[in-house]
Amino acid sequence: MILTNKRILLGVTGGVAAYKAASLLRSLQKKGAICRVVMTEGAEAFISPLTFEALSQEKVFTQKDFLNPQGGFIPHTELARFAEAIVVAPATASFLASLAAGDAKSILVATILASKAPVIICPAMNVNMWEHPAVQENITRLRRWGYEILAPDEGALACGDIGPGRLPDEEVITAYLEHLLAPKDLAGKKILITAGPTREPIDAVRYLSNRSSGRMGLALARAAWLRGGEITVVHGPITVPLPPYLKAIPVETAKEMLEAVMDRFPETDILVMAAAVADYRPKEIFPGKIKKSSQNTLIELEPTEDILLAVAQVKRVDQIVIGFAAEEGAKLLEEARRKLKVKKLDLIVANDISRPETGFEIDTNEVWLISSTGKEEKIPLAPKDQVAWQIWDCIVELLGG
């Protein structure tokens with residue numbers, strides 16, 4: 001969506017992670033980007049330009065093209081004009097030093113120097129090289145100049161060492177590129193989002209919970225981060241990966257989620273309660289483990305804290321609160337309208353959990369948006385990331401309204 005028809009220049013330097021750039025290229029293309037590739041001489045020692053040409057269906061530019069321009073075509077300036085954004089992955093210590101020094105002997109550095117496009121640099125190298133003062137000084141200088149530097153991941157490296165030095169996952173690199181190019185209509189907004197289920201203990205090993213995976217909540221968090229928001233996610237035991245660029249506060253129970261939300265709500269501009277908070281908990285927690293031999297064990301339940309009602313008591317007029325209603329069938333909208341009013345929400349997102357394509361643990365959703373102004377809008381069935389983006393479109397309208 002964000003990268004559709006965006007012109008992306010992928011720079012590949014001579015590290016052992018160069019082969020991963022081919023997979024990154026495919027990811028960018030799947031998101032609709034128009035990609036060209038520039039390779040350093042070192043990169044050609046690890047992976048053939050032919051690989052990138054086959055994937056991109058475009059000419060790949062190398063040092064040979066830089067030194068022998070043909071027909072008046074000046075590669076580094078033409079590529080600089082082409083690029084709406086530049087990604088260098090992997091970036092070696094030598095490349096970082098050349099760029100920090102403004103040394104334009106290579107086609108890639110010359111192209112970056114000639115371009116006004118935003119640049120993301122993804123270093124990958126031995127841990128000791130990464131931590132060397134010379135490399136860190138170059139990183140500091142490049143950041144000061146406005147380049148986006150993604151710190152390498154930690155783990156086992158090709159050399160056998162363990163530590164920071166691995167190329168970040170392509171999903172993370174792609175997310176930062178989208179962040180670079182997305183509209184920033186949530187810039188400056190402090191946004192608190194809850195996600196996933198809560199767990200209410202029965203005994204030492206069992207609990208009451210629900211099937212929420214956290215997908216919708218994290219999709220909303222990602223979309224808000226892309227649009228420039230300052231995001232904090234309070235989440236229960238989610239079953240989907242948490243992106244490294246999101247600030248996260250893990251909790252277990254409804255009471256813990258209430259405390260985490262209320263602690264942070266005074267400084268929050270927008271609260272999105274997407275978590276599926278358990279409605280009930282055992283009145284007493286059994287000590288140890290209930291034995292299977294215990295016949296007809298009765299568990300007395302009591303309601304959990306209603307977080308949105310607690311928020312409603314302290315909400316200021318300059319704060320926006322969004323709730324969710326996971327209901328079934330014909331009474332979906334009726335129940336959503338009731339919750340909107342009772343809990344003093346600015347917006348409620350309602351979805352029918354009785355349908356297999358809009359319930360828990362799946363990647364699609366279809367929702368109704370009902371605002372306190374009386375506006376009602378349906379978002380048709382779509383991937384949750386796309387639904388999340390459209391929900392934020394509606395919230396941005398509320399901000400402007």
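Glycine is no exception: its Cβ is also placed from the backbone N, Cα and C atoms.
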Same CTP site per TrEMBL - residue from Phe265, Phe324 joining Asp279, Lys289, Lys339, Lys343: Phe324
Candidate with sparsest Cβ neighbourhood (10 Å radius) among Lys289, Lys339, Lys343, the listed binding-site residues: Lys289
Recorded CTP site residues Asp279, Lys289, Phe324, Lys339, Lys343, farthest C-alpha pair in Å: 38
Residues in the domain 'Flavoprotein' (6-150) grouped by DSSP into helix, strand and remaining coil: 74 helix, 28 strand, 43 coil
